[in-house]
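J.: Grabbed the feature section from TrEMBL, which reads as follows:
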DOMAIN    37-325  domain 'Histone deacetylase'
BINDING   Asp108, Gly158, Tyr312  substrate binding site
ACT_SITE  His150  active site, proton acceptor
BINDING   Asp185, His187, Asp273  divalent metal cation binding site
COMPBIAS  398-408  compositional bias 'Acidic residues'
COMPBIAS  423-446  compositional bias 'Basic and acidic residues'
COMPBIAS  476-488  compositional bias 'Basic and acidic residues'
COMPBIAS  489-501  compositional bias 'Polar residues'
Amino acid sequence: MDTGGNSLQSAAPDGVKRKVCYFYDPEVGNYYYGQGHPMKPHRIRMTHALLAHYGLLQHMQVLKPFPARDRDLCRFHADDYVSFLRSITPETQQDQLRQLKRFNVGEDCPVFDGLYSFCQTYAGGSVGGAVKLNHNLCDIAVNWAGGLHHAKKCEASGFCYVNDIVLAILELLKVHERVLYVDIDIHHGDGVEEAFYTTDRVMTVSFHKFGDYFPGTGDVRDIGYSKGKYYSLNVPLDDGIDDESYHFLFKPLIGKVMEVFKPGAVILQCGADSLSGDRLGCFNLSIKGHAECVKFMRSFNVPLLLLGGGGYPLRNVARCWCYETGVALGIEVDDKMPQHEYYEYFGPDYTLHVAPSNMENKNSHQVLEEIRSKLLDNLSKLQHAPSVQFQERVPDTELPEAEEEQNEADERWDPDSDMDVDEERKPLPGRVKREIVEAEPKESEGQKGSSGHARGFDTTIAENASGKAVDAGPKQIDEAGVRVEQENVNKASSDQMFSKS
């Protein structure tokens, strides 16, 4: 099978080491969507625990993201929507029913304690990763708390409130003429596609379940509009797709995209709900099959931002993202799981990998051939590496010089150190509930919502890449045994609402 990768000059052997920056805030696992809600930020803490006990943290720079501020979020989201997210609380929501409806906050996207802080945290990690890549301080940046791809300019959607991916792409566009976004979550990456539907500077590629399934968008005929025509690529799939069928599409399509579009940077959204046995999903990918997509993207040796996304059995999400962090580092992780604080979640086998099920693959080879031919034909109509008027300049989001020389081994995670608490980062009392982990039901719950959203394309998003910078540089975390690295990044108060000039 033609993978399309080996012919590229930028392709590199899998064994070549990459410099990896990993963003993690120890508080992220405390946020709690509510009883019975499938989305559990606690999975990020479980992933981190696996990374620590597998010894992967010591091979990468571990950073605690600066929270994104109002002005950062307003680079994409509407001012009044950001103001609403900042002010709404479980105690005040009954007084704002009209606003809740207007911004689609409610059942799928509930109001919970610390909602805005949660948004600031996961968005700060994604933007911080983009900043690191822009400054050539790493080859791969990882933020498993990010990847919330459904959020729109003026509304929440599908468990997503702030679209950290769009914000990261806007940051990358300050330095790179073209940015590629690839989405392997089981749900269509509608929020990101919509934001960049009319530009040729961002190509979006989404592999997803299509049919009677949330969000209801992502038809193979949705290809972009105006200057963005053919720069949206949708790969609609049916239930039960396995590793072989998935790669039959993924590798030749992405290989061709890399050859024709020649992106300066890539974002890969690694939603784990496309794995076999997901609580809300219906695909049949193995963890190695899912991670093969990460491995393939890594082989092109282009600046790469890895983000999380969906994924609803906690244990399988943690397994997947731990293994894929190893792939990013070029380290093969043992299947036998080390003892750690969440060890009991992974019984009775206590292994990293789980076998796919014997569910029927409803994606016939003929249909897959038709999809592949159609999309390769669309790619053949692209102008090779479209150029833009572009002025070379230092990005507005600057990092202090001191940070560049501080990723030697002695500044990395010390497995023997005690867990320190950064006093300035403690949550206010009562602000965030500590999640009480629920037993996961054996029966899968219903899909995320049912109705799609009408497109509201913003034709100026990608063209605003030279706008005000997102000042959300990273700092090393002072919890979970990671040393602190101080930075003199200019931080404004996030209590002050940003008003556009």
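Backbone N, Cα and C atoms are what each Cβ position is placed from, and that goes for glycine too.
Are these features on the surface or tucked inside, and what touches them?
T.: Model confidence over the domain 'Histone deacetylase' (37-325) is summarised by a mean pLDDT of 97.
If you take the C-beta of His150 (active site, proton acceptor) and look for same-chain residues 6 or more apart in sequence within under 8 angstroms, you find Ser157, Gly158, Phe159, Cys160, Asn163, His187, Gly189, Asp190, Gly191, Pro215.
In sequence order, Asp185, Ile186, His187, Arg279, Leu280, Gly281, Gly309, Gly310, Gly311, Tyr312 are the residues near Asp273 (divalent metal cation binding site), counting only same-chain partners six or more apart with C-beta under 8 A.
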J.: Among the binding-site residues Asp108, Asp185, which residue has the fewest other Cβ atoms within 10 Å of its own Cβ?
T.: Asp108
J.: Greatest CA-CA distance (Å) over the residues Asp108, Gly158, Tyr312 that the record ties to substrate?
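T.: Value for the max Cα separation, rounded to a whole number: 14 Å.
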